[in-house]
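J.: Pasting in a structure now, in structure tokens, and then I'll have a few things to ask.
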Amino acid sequence: MSAEYDVEFVEREDRDARFLVQGITPAFANGIRRAMLADVPTMAIDTVRFVENSSVMFDEQLALRLGLVPLTTPPVGEFVEDDTVTLSIDVEGPATAYSGDLVSSDDLVQPADENVPIIDLKDGQRLEAEADAVLDRGKDHAKHQGGVAVGYRHLQRVAAVEDLPEFEEPDRRIVRGVIEEDGELVPTSEFDHDLSNRYPGQEVTLEDVPNSFVFHVETDGSFSVEELVTRAADTIESRATELENAVQL
Amino acid sequence: MMVPVRCFTCGTVVGEHWEEFDERANEGDEDPQEVLDELGVDRYCCRRMLVSHTDLVDVVSPYQ
């Protein structure tokens, strides 16, 4: 695919962004979405060795909770699949064990959120465990899914056509996403997702702009949104290259 | 038992907001809707994780 395409950010934060991509096919837009969910490797705890667990939860339950804690994922090339990073946790009650209590053997792999409660420990209870984090993909386990709630909508073009009759009760026109208004991009949250707030007393038309997609991407903290999107595009490329090599004579 | 780490539906980490939500909306008398908005828990899948959660650790801890 050598056609030109444009990317424009509408909202941009570290873990949450909305951007417009113009000039790609719906199939490619969906390919990127799926790659962001299932094909970008992230770090997550996979094996836990319990030294002591006298809490009210079983070892397996705690291992699942530890696995779901997002860990920062190192830059590409630092780790390959099958490499492990050991994290340890040692908390004695009365206290709550938090994800921030995990001590990592590698500075590049740290809990992305420090305040996730793992288990509430009462007087005399203790949790001591060693955990191995591995690099894997979202299609193998949801804990390795770097992007959460990734989706896209068509960009919608709004135009006012005519005035409504003077005494007619205006209907609500609910629209969500981002609209285009004389070339300007306006998130619908600016007018409470209701076009009758923005165009009072006017009849408006709404149409999808072909091949323009507004992506909404959030990450779990493993990496930034930019990192997630570029890595997703890289996985598509590497799989395409693999296919090309496989079918060559 | 303990609050789920992530939202069952979308996978957003919601566990980190539990303690503040519990303190302000369950123990305190703030409106849960406003607390969730301030915490940045926007989607209804994530909101129900916190709204419908009950901590049972204190209930089961005597029965070790």
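For all residues, glycine too, the Cβ spot is worked out from N, Cα and C.
Not measured: the values here are computed from a predicted model.
Annotations per TrEMBL:
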- B:C7, B:C10, B:C45, B:C46: Zn(2+) binding site (BINDING)
J.: Which entry in the list of binding-site residues, B:C7, B:C10, B:C46, has its Cβ near the fewest other Cβ atoms, using 10 Å as the limit?
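T.: It is B:C10 that, of the binding-site residues B:C7, B:C10, B:C46, has the fewest other Cβ atoms within 10 Å.
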J.: According to DSSP, does B:C45 (Zn(2+) binding site) sit in a helix, a strand, or coil?
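T.: DSSP assigns B:C45 (Zn(2+) binding site) to helix.
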J.: Which residues does B:C45 (Zn(2+) binding site) neighbour through Cβ under 8 Å, counting only same-chain ones at least six apart?
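T.: In sequence order, B:C7, B:F8, B:T9, B:C10 meet the Cβ cut-off.
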J.: Could you check what DSSP calls B:C10 (Zn(2+) binding site) once collapsed to helix, strand or coil?
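T.: Coil, per DSSP.
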